[in-house]
Ligand code: C5P
């Protein structure tokens, strides 16, 4: 059993998605894990401790100030005597408390006291998930090392609204738990991976540059997911505003030329995932001085020249990594363009996405991709970029398992 002997502290907070936590408990136990439940007061408005306790076959902890519970176990031990703290559902309120270090009930106190990995499955109304305050809190929590699964896009149970906010399904949460806990979850140990991420900035003069809307979210998430599977990761990042992921070597570059140099210097490697939105063109001769405006005179013209194609260079290199993956950001004919790219660039896989402005993918947090290989195509559902990364890392690990 995949989770045999693993101890999961499951914090259930107050949302309608709590009903799915009952099934989640069953699925975790089916896989051999023990589940120790903690419920907030809100959670008990949706499901009963009786049902949770029966399914978990354990005492349900609800009260920070319960003399009996404190005597028997104590909140500090609760927080530490487990392999993973799982929060499902994680409400906007609980995330806000965590982000700010509040500890005014048992669940939030455990979350402040724990030194174990924490995985949160948020569930809330789409407007609450999209709110600037929640976004800020989630960004902060990610920075603190909290992992997330979901929320997913879909119809909300109570209001019938559609949008992002639905809790991940129990099987998806179980997969995320396995990913974090699997003893053998280092299938990429000893493998070296080079990832490019973010945009490039191509100087026009010392103060101006050509750039694009890439945020680096997808590339950084892939680098993290590969590092989580044990890969030795070098992340070559263009200028982004998101923090460096932990546990890897990060090289910061500005221009495509610098990105290519950094990638080639990092060879040999086993895996290359070129996610960066490298500018196709650079200014043929960038000015050393700021270009002045001269009203009434002719406007300056920018002569462009092609940038090096880093993916193509790596795909045809004498030290070509065993697995070379590229991305294809297209606004039309996504699949046929991606197929052509597979051949031209010497890649094994192209991850194709439609970046038409209406999709909100470029610069956004979600992605809907097609996995294009020489022998087939697979459409993935609309996912958070972190979940695309986890799936892609699992797919990469699978390739190495097959030898
Ligand atoms: O040709 P196109 O830019 O659409 O190809 C996208 C893929 O190629 C991405 O994986 C991107 O990282 C990579 N690429 C590159 N160097 C370039 C242009 C694209 O590595 N100059």
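For all residues, glycine too, the Cβ spot is worked out from N, Cα and C.
According to TrEMBL:
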REGION    1-192  region 'Phosphopantothenoylcysteine decarboxylase'
DOMAIN    6-178  domain 'Flavoprotein'
DOMAIN    188-398  domain 'DNA/pantothenate metabolism flavoprotein C-terminal'
REGION    193-403  region 'Phosphopantothenate--cysteine ligase'
BINDING   280, 290, 308, 309, 310, 311, 327, 341, 345  CTP binding site
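Location within the structure of each feature annotated in TrEMBL.
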residue	record	Cβ neighbours (10 Å)
280	CTP binding site	14
308	CTP binding site	16
310	CTP binding site	26
327	CTP binding site	27
345	CTP binding site	20
Under DSSP, is residue 280 (CTP binding site) helix, strand or coil?
-> coil
Could you please provide the mean pLDDT value for the region 'Phosphopantothenoylcysteine decarboxylase' (1-192)?
-> 91
Using DSSP with the three-state reduction, classify residue 327 (CTP binding site) as helix, strand or coil.
-> strand
